[in-house]
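Feature list (source: Swiss-Prot):
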| type | residues | note |
| --- | --- | --- |
| BINDING | 12-18, 40-42, R304, 330-332, 412-414 | GTP binding site |
| BINDING | D13, G40 | Mg(2+) binding site |
| BINDING | D13, E14, G15, K16, N38, A39, G40, H41, T129, R143, Q223, T238, R302 | IMP binding site |
| ACT_SITE | D13 | active site, proton acceptor |
| ACT_SITE | H41 | active site, proton donor |
| BINDING | V298, V299, T300, G301, R302, K303, R304 | substrate binding site |
Amino acid sequence: MANVTVVGAQWGDEGKGKLVDWLSHRADVVARFQGGHNAGHTLVVGENVYKLSLLPSGVVRGKLSVIGNGVVVDPWAFVAEVDRIAQQGVVITPDVVKISETATLILPIHRELDALRENRDDGEPIGTTRRGIGPAYEDKVGRRAVRVIDLADPAALKARVKDILHHHNALRRGLGHEEYSADQLVAELTEIAPKILPYAAPVWRVLKDAIKSDQKVLFEGAQGALLDVDHGTYPFVTSSNTVSGQASAGTGVGPRDVGYVLGIAKAYMTRVGEGPFPTELHDADGQMLGERGHEFGVVTGRKRRCGWFDAVITRQTLQVGGVHGVALTKLDVLDGFKTIKVCVAYEVDGERLDHLPAGKEAQAKATPVYEELQGWEGSTAGARSWADLPAEAVKYVRRIEELIECPIALVSTSPEREDVILMQDPFRS
């Protein structure tokens, strides 16, 4: 398999950025296929720290970086991120970055609607980043979205704005909010258009040509499988499909071209925002995981909820996502724990389950059944071979591998790019 698809196997924040960066030096093209600028990732390259939200990780290495049609693009956020990364010495030009001409745009009305819904008093918040991702996807499915290509045609742009505001202004009136001016929105989009259009391209063809010429493509997922709109902990999910199948639909390549699917999973669990979390810890162990793992969101700065590794739910996401191998990250965060617990089943209303139930109410009742493993005193930080790991750490990794029923392809032992133990090369598998 010449290509590799990287997806999160938990609730996001698994360390995909580092692994994508680690793999990208061997890739020719890096492509994003879903989400927006709501999920951030941090790359540590030498002494430089890059924080990206929308741009594919390959940009920091000068790789051709593609934003696929499955991504919703905030044009103002894109320009701001390009400017910020450029100030760190990264060269970003239309030759390096391509945006799908059919990608949906996130507009100011989407951000405002997102915030209005999260702030309402009569409903349960989802815990969104309030960046307009969900409302933009709603308009895409509703066939009224403004897309990148519309910026190139003033007449078409006015028609699209009229159509989308017919819907949104009705919503705004119902929420007690003033209507948005069509002239204002057209003016805002017309102003930003020259900064976006040079990057617009038929990315399906760009990727087809790359694959045809035997270039290696790295498909970069955002968030995680447990936030997938179909397969996640609904309704506490994102608004797109995050599993590997979306790599095809979200870029325009065929399913056979997504290649080796690498699922990223932390050696423990974290979650940002609302929703069920069976193994969540509210004690000193949970606090220690958060402090050691620096568990704060890149985009929002929100503190992440922490818990023990959940083998049940991770096994489920790996199967749904067609994952070939797992990258286990942040093993070093578990250094020093005398006992480490792993969830091996759930109990719901007295019944033992080997999967997460589909219903929101049943998920909230799921109580973890734990298996206790011995911790280790030595350090795993910076380890690059099995010989560098304490014996109990090796046993932990092997037990996780058995429980999730999927090979551990590599282990990450620090934020540093090269601190990786490789067992199975995704590009050669």
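Glycine is no exception: its Cβ is also placed from the backbone N, Cα and C atoms.
Positions of the features from Swiss-Prot, shown on the structure.
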residue : record                 : DSSP (3 states)
G12     : GTP binding site       : coil
N38     : IMP binding site       : coil
T129    : IMP binding site       : coil
K303    : substrate binding site : strand
T413    : GTP binding site       : coil
Q) How big is the gap, in Å, between the Cα of G15 (GTP binding site) and that of N38 (IMP binding site), rounded to a whole number? A) 15
Q) Measuring Cα to Cα, how many angstrom lie between K18 (GTP binding site) and R302 (IMP binding site)? A) 20
Q. Where does L331 (GTP binding site) sit by DSSP, helix, strand or coil?
A. helix
Q) Which Cβ among the binding-site residues (K18, K303) has the fewest C-beta neighbours inside 10 Å? A) K303
Q.
Need this for a regression test: binding-site residues G12, R304, L331, filtered to those with Cα within 10 Å of Q223 (IMP binding site). What's left?
A. G12
